[in-house]
Amino acid sequence: MKYLLPSAAAGLLLLAAQPTMAANTGGYATTDGGDVAGAVKKTARSMQDIIDIIEAAKLDSNGKKVKGGAYPLVITYNGNEDALIKAAEANICGQWSKDARGVEIKEFTKGITIIGTNGSSANFGIWLTKSSDIVIRNMRFGYMPGGAQDGDAIRIDNTPNVWIDHNEIFAKNFECAGTKDGDTTFESAIDIKKASTNVTISYNYIHGIKKVGLSGFSSSDTGRDLTYHHNIYDDVNARLPLQRGGQVHAYNNLYTGITSSGLNVRQKGIALIERNWFENAKNPVTSRYDGSNFGTWELRNNNVMSPADFAKYNITWDKDSKPYVNAEDWKSTGTFASVPYSYSPVSAQCVKDKLANYAGVNKNLAVLTAANCN
């Protein structure tokens, strides 16, 4: 069942006009992106506009390339690709073989913020490579083409200090016949790989995605610090995330309609899973599809407190062909190190009752606090 999120009344408010504040991401990321003193502010009406603005920011006044970029950027995106999204929705199985579309931010370390206006939409991805201090907010990504070409909605490679906040990412949790290796029709919502750490994923609405996100692309790509908070995952298959090593702090998320597996903690990683709401979920906390080097988890104050709650919330489990560990006893298997940032989680019940008013696009970047839970 699709989880319906209400829209803000001021549907066309330009969020970039709001006052800027120092970053408080509620997680490992500490970046303001490009929204700092001396930033150049630009408006983009298309994917190509964003590409052109970023390329220009790599050059000095004499047209010479500046390592890491010449100046920080704030890009307000007001394009609308609803027509492309609707066409893709009408031809789900035709998207996998199309060319991937995306903005590549490569070797840019001065800082970039990309923020969508309310009502904007994108049928293209944003791919980060060897950059840092990137913020992506209020962007609506739908039905990415080019699954055969790794056409992710957001890809973070060799890029530390990233904040992905208040976005919507959606496709169809569906398998089309004939895709390579039985792979999914669409690629990932948010993949985080290689030397990418100190990343915060917050207040996103992610639905209809089969492979939601990686933390590490192989068994040797481990050791990052990631926070996932106040996200809604609805009708998703797996990888929430698929964690290879490192530390993940997942708090105040709503997981509903998980069709295969949820938080999959592998390669000796550890996850702090705190004050989340789980319902209608298969294998919501597990270590599988690997066969060795299991991860561990610490469970704190989620709506599910013991196996006695599984039937109430429709939590189910299955086996894997390789050795695996499920949280079927709903007990912690590890102890998370101290969290190095300040955060104020609400109760799991408040997540269930109120998060839909805050997660996703067109919410004017509003956040859920304890005062909103009454």
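Positions of Cβ are set from backbone N, Cα and C atoms, glycine also.
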Quick test of reading the record: Swiss-Prot lists a disulfide for Cys93. Which of Cys176, Cys350 is on the other end?
Cys176
Using the Cβ centroid of Asp150, Asp152, Glu187, Asp191 as the reference point for the Ca(2+) site, which residues of the same chain not in that list have Cβ within 8 Å?
Gly125, Gly151, Ala153, Arg155, Ser188
Site of maximum Cβ density within 10 Å, from disulfide-bonded residues Cys93, Cys176, Cys373:
Cys176
For Asp191 (Ca(2+) binding site), list the number of other Cβ atoms lying within 10 Å of its Cβ atom.
25
Alpha-carbon spacing, Cys176 (disulfide bond) to Glu187 (Ca(2+) binding site), which is rounded to whole Å:
13
Which one is it, among the recorded positions Asp150, Glu187, Arg239, that lies nearest to Cys93 (disulfide bond) by Cα separation?
Glu187
Minimum Cβ neighbour count within 10 Å among the binding-site residues Asp150, Asp152, Glu187: which residue?
Asp150
Spatially closest candidate among Arg239, Cys350, Cys373, the listed recorded positions, to Asp150 (Ca(2+) binding site) (Cα to Cα):
Arg239
